[in-house]
Amino acid sequence: MVKQLTDAFARKFYYLRLSITDVCNFRCTYCLPDGYKPRGHHSFLTLPEIRLVGRAFADLGTEKIRLTGGEPTMRRDFTDIISVIRENKLIKTLAVTTNGYRMERDIAKWKEAGLTAVNVSMDSLDPRQFHAITGQDKFFQVMRGIDAAFAVGFSKVKVNVVLMKNVNDISLSAFLHWIKDRPIQLRFIELMETGDGGEMFRQYHISGEIIRERLLLDGWHLLQRSRSDGPAQVFSHPDYQGEVGLIMPYEKNFCQSCNRLRVSSIGHLHLCLFGEQGIPLRDLLASEKQLDDLKLRIQDGLRHKRETHFLHQGDSGITPNLSVIGG
């Protein structure tokens, strides 16, 4: 039995972000403004390979898996992927990050298959601005998808907003009004510099500190984080059903509480969103007989995890855009 995943800085890893495709049907300005373009001839992880990845990480103490992309729900076998991961009772939380365009139609069957949490990208509450940011006129469809999630029994929906200067930072009041009577955790994510997005970053990056100051002045309180939570600082207010999260990767000590690893859609273990090439796992995903070797490679790979990212130096590693490793 391999012990709980722990790195050289005594950080324990309970959370896996598993990308299952690079393909996305949206053209978000900060990620894929020119649309999805295949990189090389790699095939994405198969259902049996995904099952084995899930088993290995569960045996190593992982409690939470988040399915990412690209747009993960574009896979035809997406519901089956949920089912095979949920076969493993050690995985307590199975989440998805989605652009939401298929939620209205499919959220009920995803929940039935075992999905326990959902994050939806929603960078604007204005339909025209939403269209301009995403390249898709699907604002109302995504909104109906969020309503559908509540209708089938999700008690909370997380909504991701990539914070952009003079685009949506000026809409904080509208966002707060939206969550006043809805159990939505609204998560403002600082725009991060990637290989393809340097100019976008310089033009639109703004610190989440501005929102944090406003929240604290208005009586919001910081909540305690659990060991499998993501990196958001989450705030609550007695007058609001919803919550506000801030993800601020440029803040000092952001990496100190890192609890998550990433596996890309082609089967590489990435120790950091902004790390290097990744550690190949796919040669150990052909058979369950390789499970012990797979776990040992994952464990051994953690020796190379750095204490922090180097975004402050403008080093985004090999990440050309966030669809490649899964944000």
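Cβ from N, Cα, C; glycine included.
Just so it is clear, the model here is predicted, and its values are computed rather than measured.
As recorded in Swiss-Prot:
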type	residues	note
DOMAIN	8-232	domain 'Radical SAM core'
BINDING	ARG17, ARG66, THR97, LYS158, ARG260, LEU261, ARG262	GTP binding site
BINDING	CYS24, CYS28, CYS31	[4Fe-4S] cluster 1 binding site
BINDING	TYR30, GLY70, SER121, MET192	S-adenosyl-L-methionine binding site
BINDING	CYS255, CYS258, CYS272	[4Fe-4S] cluster 2 binding site
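Checked against TYR30 (S-adenosyl-L-methionine binding site) by C-alpha proximity, the binding-site residues ARG17, CYS24, CYS255, ARG260 yield CYS24 as the nearest.
Across the residues of the domain 'Radical SAM core' (8-232), the predicted structure has a mean pLDDT of 94. The Cβ of LEU261 (GTP binding site) has LEU5, PHE13, TYR15, LEU16, ARG17, PHE57, LEU269, HIS270, LEU271, ILE298, LEU302 as same-chain neighbours under 8 Å, each 6 or more residues away in sequence. Of the candidate binding-site residues, CYS31, CYS255, ARG262, the one lying closest to MET192 (S-adenosyl-L-methionine binding site) when CA atoms are compared is CYS31.
Reduced to three states, the DSSP call for CYS255 ([4Fe-4S] cluster 2 binding site) is helix. Counting every protein chain shown, 22 other Cβ atoms lie within 10 Å of the Cβ of ARG17 (GTP binding site). Within 10 Å of the C-beta of LYS158 (GTP binding site) there are 20 other C-beta atoms, taking all protein chains into account. All protein chains shown were included, and the count of other CB atoms within 10 Å of the CB of TYR30 (S-adenosyl-L-methionine binding site) stands at 23. Of all the binding-site residues in the record (CYS24, CYS28, CYS255), the one with the smallest CA separation from SER121 (S-adenosyl-L-methionine binding site) is CYS28. Proximity to ARG260 (GTP binding site), judged by a C-alpha distance within 10 Å, picks out CYS272 from the binding-site residues CYS24, CYS28, CYS31, GLY70, CYS272.
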